[in-house]
Each structure stands twice: as structure tokens, then as C-alpha cells.
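Input: a single structure, listed below in C-alpha cells.
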Amino acid sequence: MKKMLLFILVGILSLSSLTFSKEEKVEITVSAAASLKEVMEELSEKFQNENKNVKINLNLGGSGALKNQILAGAPVDLVFFASQKDLKDLDNKGFIEKEYQKDILKNRLVVAGRITIDSLDKLVGNSVAIGIPETVPAGKYSKEAFINAGIWEKLQDDIVYAKDVRSAAQYVDLYEVDYSLIYKTDARVLKNSEIVYTVPENLHAPVVYSYGIIKDRANENVVEFYNFLNSNTAKKLYEKYGFEMAE
């Protein structure tokens with residue numbers, strides 16, 4: 001009888017332990033710009049290694065498209081956009097925690113291809129891939145640069161629109177277009193093309209990345225990950241992948 005009670009007690013404790021472990025596993029959903037793919041994957045892995053009870057789920061895409069998902073009710077804890085405007089739009093609509101938002105990184109807009117050019121004018125007559133301006137910050141910056149360079153109308157028949165900046169990079173790398181406008185940091189993924197021109201910064205708004213916590217999602221684990229993204233460890237990784245700090 002005593003042995004049976006002992007077995008029952010051990011079984012109950014084992015089940016309780018399993019239930020407790022399951023309840024303790026916390027998932028954090030992060031919507032991040034496609035250009036942050038590699039650095040966010042490495043940052044997430046480091047954070048998870050230090051916080052065994054946390055799992056980071058990454059949702060990557062164009063910042064504008066990710067913003068629209070959140071406006072439509074997508075369950076997200078934290079956003080990391082390649083655009084100040086998209087974060088500000090969410091903030092203005094009450095979707096971002098006021099004390100947990102920050103401009104953190106800078107990037108440069110470049111032209112990728114196989115033949116070097118010395119001005120944007122040289123793109124006229126060639127096929128060019130850019131992100132969809134309405135939903136992809138890189139596409140918005142590209143359109144702005146083309147307008148200011150006086151070539152937007154001339155390029156209309158030759159522009160191919162991509163769902164995000166990484167897709168634009170693929171177009172040129174797979175020989176589907178002659179050139180693509182991407183970020184400097186995206187050049188790491190190119191195999192059959194390279195940076196052939198850096199777009200002058202006076203032709204478009206600054207490329208600044210902003211991140212923040214979604215309203216009512218600032219629990220202990222999310223805040224800890226938010227702070228981790230601005231830590232010295234994170235800053236070293238941003239620099240490793242070619243980003244500059246906005247501060």
C-alpha cells in the first residue's frame with residue numbers, strides 16, 4: 001500500500017513538473033523588416049540561449065505590409081521596421097507603447113547590378129527592381145530618389161516591383177533585371193551581382209530603423225527582449241552585418 005502511494009505521488013509530481021514546464025514556455029512574436037533577417041535570427045538565438053523559457057517567432061517582410069497586418073489585428077509583441085514613418089503611423093493610432101519605442105539603426109540605399117554606373121541617370125533604358133513603394137521602405141526611398149533625380153517618369157516601363165527588399169535583391173541576382181535598389185547590408189546575400197552605385201543621401205529621406213513594443217504587450221519577457229535589442233551585444237551584431245547605429 002505504501003509503495004503504491006509512493007508511485008502515485010511520484011507520478012503526480014512528474015505530471016505537475018511537465019505542466020509547469022509547459023506553462024513557463026513563453027513565445028514572443030516579432031515582426032521585422034526583411035533586411036534584418038540574418039541579424040534578427042542571430043539575436044533571437046542568443047537571447048533564447050540565455051533565456052531557455054523563451055521562444056522568439058520572427059515574422060519577416062516589408063515594413064509597410066507588416067504594419068498593415070498589425071492594423072488588421074495580427075497578434076504581434078514587438079516590431080522592428082526599416083522606416084520611422086511606419087512605426088510612427090502605428091504610434092499615432094495607439095498601437096505602440098509610448099515608453100518602448102526607439103530609432104536605433106541607419107542604412108544606405110544602393111544600386112546592385114553587374115555593370116558599374118556613376119549616376120542614377122544610367123538606369124534609364126534598363127530593367128530595375130525596387131520594393132513596392134506603398135509597403136516597402138526601400139521602395140519608397142527608391143521612388144523618392146528617382147523623382148528627385150528627375151528620372152521617375154522615364155523608368156516607368158522598366159520597373160519591376162518586389163514584395164520586399166530581399167526579393168528585389170533576388171531579381172538582380174537571378175538575372176531577371178539589370179539593376180535593383182536595395183540596402184547596403186543586403187549586398188551580403190548577393191552571389192551574381194554587387195553594389196555598383198551608392199545613392200546620394202540628399203535624394204531621399206534618411207534610412208532609419210525604428211522598433212517598439214505593441215500596446216499592452218509590455219510584459220517582463222518582451223521588455224527584456226526590447227532592452228536586449230539595444231544592448232552592447234546587439235550593437236556588435238548590427239555592426240557585424242553592416243548596420244550603423246542611429247545614435
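Glycine residues also receive a Cβ, built from the backbone N, Cα and C atoms like all the rest.
Caution: TrEMBL annotation is automatic and unverified by curators.
Annotation source TrEMBL lists signal peptide at 1-21.
Long-range Cβ proximity for ALA138 (molybdate binding site), meaning a same-chain Cβ under 8 A and a gap of 6 or more residues, is found for SER35, ALA82, LEU109, ILE130, GLY131, VAL165, ALA168, LEU181, ILE182, TYR183, VAL207. Look at ALA138 (molybdate binding site): DSSP puts it in a helix. The annotation molybdate binding site is assigned in TrEMBL to SER35, SER63, ALA138, VAL165, TYR183.
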Quiz item: When DSSP states are folded down to helix, strand and coil, where does TYR183 (molybdate binding site) land?
Solution: strand
Quiz item: Other than SER35, SER63, ALA138, VAL165, TYR183, which residues of the chain come within 8 Å of the molybdate site, judged by Cβ distance to the Cβ centroid of those residues?
Solution: ALA33, ALA34, GLY62, ALA82, ASN107, GLY131, VAL136, PRO137, ASP164, ARG166, ILE182, ASP186
Self-check item: Number of Cβ atoms other than its own within 10 Å, given for TYR183 (molybdate binding site)
Solution: 27
Exercise. Mind giving me a neighbour count for SER35 (molybdate binding site)? Other Cβ atoms within 10 Å of its Cβ, every protein chain shown.
Key: 32
Quiz item: On the Cα atoms of SER35, SER63, ALA138, VAL165, TYR183, which are listed as binding molybdate, what is the maximum pairwise distance in Å?
Solution: 14
